[in-house]
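Undergrad: Structure incoming, see below.
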Amino acid sequence: MQTVADAGSGSRALATCTVRGSINHDEYFHVAHIVRPGETLSSTFHESRVGGKGANQAVAVALAAGGGESSGSNPAKVKFYGTIGHDGAWIRERMREVGVGVEGILVSETELTGRAIIQVDERGENSIILFPGANYSTLHEDAFRAQSLTTAGTGGYFPHSTHLLLQNEIPLEATLSAIHSAKVSSQPPRQSQLGGQRDTIVIINPSPLPARDTISAFPWEKVDWLIVNEDEARELFEAFGGGVGRGGGDGKVEAARELVHALGGMEAFRNTSVVCTLGAKGVLARQCGVEKGMEIVYVPAAKLRGGVPKDTTGAGDCFAGYFVCELMGMADAHDDSADKEGTDFKLTQMELEKLLKVAVQAAGMCCEKSGTIDSYPTRREVEERMKDGV
């Protein structure tokens, strides 16, 4: 993938990504067994890690883009917008170290950093208590509203991003504000960065999936790429009246293919391309607006060293981050050849397959180690593994 450094002085701006999402302090307590009611138990080991789906995916984008510390001469390809408390300064520093732009991480004066208390027993089973903390702050939304007032509603809170990546671990208001900011007026038009498309490309991984009434009212028409797992795809399909049990559930890729095709064919998703992860079976992607029969691409799961996964925690976030970074790279590659009159480009089947293979490989390598962002591979490691074929 071409980097900012490759562009050279005076070259066009390359694709960049904003991630608006959750950021947590994950505390792991290793215990003999999950604590029982009324019991006091000593842990054998304790770890503090960066967590939250938003932070995880931002780190994955940064690593996919080459990692490394951002500087004035080599600015970050991905910027994270979230909120921590004063107790979370170390988390911001950790993200900066891997190449994430952290200027958008605000500090709440009244809330503590979101936290996950995770017990892990000797068998690998876990029990998790979540505290949203500063993730539910409205600091960013307040700033967005203030900016909208001063720009008569024509500006965007993320005016320099070509891609926006979202999840569902922050309040719905925050997600909707981010989408509106990305799509509102788009001034100036981002034709060169997006290969002709005027609006920011919005990618959402709506996990955990919202309630059905929220699903039906969500502005899916403003989402360009939807990333879900098989269960989430089925629930979305059913939420829009697609019937219970359609596709998936029987372990067959063809059944999942039928589900993805049906979901993508619904009116709510007519402008949305769908990516459906299938765990050990791989991934399916249906691109909207392409020639009939060419919409769906399947890529099997990557081969793991040792044959079995050690820890699948955060693998979906690793996939999402690498997917978005590869999508950004495709936008850069299409920049000089795409139509400049405002129509968006479509990936060829070969390009989409190549993109998915990189993301699947990264997610597979993540499963070979314990932890979340600490298990994410660098771009160089992914490229070397793909060359080896194992």
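Cβ atoms here come from the backbone N, Cα and C positions, even for glycine.
As annotated in TrEMBL:
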- Asp317: active site, proton acceptor (ACT_SITE)
- Asn24, His25, Asp26, Gly52, Lys53, Gly54, Ala55, Asn56, Glu169, Asp317: substrate binding site (BINDING)
- Asn229, Thr277, Leu278, Gly279, Ala280, Lys281, Gly282, Gly316, Asp317: ATP binding site (BINDING)
- Asp311, Thr313, Cys366, Lys369, Gly371, Ser375: K(+) binding site (BINDING)
- 47-379: domain 'Carbohydrate kinase PfkB' (DOMAIN)
Undergrad: Which of Leu278, Ala280 has the fewest nearby Cβ atoms, counting only those within 10 Å, among these binding-site residues?
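TA: Looking at the binding-site residues Leu278, Ala280, the Cβ with the fewest others within 10 Å is that of Ala280.
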Undergrad: Would you mind reading off the Cα separation of Leu278 (ATP binding site) from Asp317 (active site, proton acceptor), to the nearest angstrom?
TA: 14
Undergrad: Other Cβ atoms within 10 Å is the metric here; tell me which of the binding-site residues Asn24, Asn229, Thr313, Ser375 scores highest.
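TA: Result of the Cβ crowding comparison: Asn24.
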Undergrad: Within a 10 Å radius around the Cβ, which one of these binding-site residues has the most neighbouring Cβ atoms: Lys53, Lys369?
TA: Lys53
Undergrad: Cα-Cα, whole number of Å: Ala280 (ATP binding site) versus Asp311 (K(+) binding site)?
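TA: Rounded to the nearest whole number, the Cα-Cα distance is 13 Å.
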Undergrad: Measuring Cα to Cα, how many angstrom lie between Glu169 (substrate binding site) and the residue listed as 'active site, proton acceptor'?
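TA: Their Cα atoms are separated by 13 Å.
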Undergrad: Just how spread out is the substrate site if you go by the largest Cα to Cα distance in Å among Asn24, His25, Asp26, Gly52, Lys53, Gly54, Ala55, Asn56, Glu169, Asp317?
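TA: Farthest-apart Cα atoms in Asn24, His25, Asp26, Gly52, Lys53, Gly54, Ala55, Asn56, Glu169, Asp317 are separated by 16 Å.
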Undergrad: Neighbour count, 10 Å Cβ-Cβ cut-off, for Cys366 (K(+) binding site): what number do you get?
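TA: Step by step: centre on the Cβ of Cys366 (K(+) binding site), count other Cβ atoms within 10 Å, giving 29.
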Undergrad: CB neighbours of Gly371 (K(+) binding site) within 10 A?
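TA: By my count, 18.
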Undergrad: Where the distance is taken from Cα to Cα, which of the binding-site residues Asn24, Asp26, Lys53, Asn229 turns out closest to Gly371 (K(+) binding site)?
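TA: Comparing Cα positions, the closest of these binding-site residues turns out to be Asp26.
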Undergrad: Once the chains shown are all counted, how many other Cβ atoms turn up within 10 Å of the Cβ of Asp311 (K(+) binding site)?
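TA: Asp311 (K(+) binding site): 16 neighbouring Cβ atoms within 10 Å.
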Undergrad: Round to the nearest Å and give the CA-to-CA distance linking Lys369 (K(+) binding site) with Ala55 (substrate binding site).
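TA: Here the two Cα atoms lie 19 Å apart.
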Undergrad: Across the record's ATP-binding residues Asn229, Thr277, Leu278, Gly279, Ala280, Lys281, Gly282, Gly316, Asp317, the largest CA-CA distance in angstrom?
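TA: Comparing all Cα pairs, the maximum is 17 Å.
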Undergrad: In the predicted model, what is the mean pLDDT computed over the domain 'Carbohydrate kinase PfkB' (47-379)?
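TA: Looking only at the domain 'Carbohydrate kinase PfkB' (47-379), pLDDT averages out to 85.
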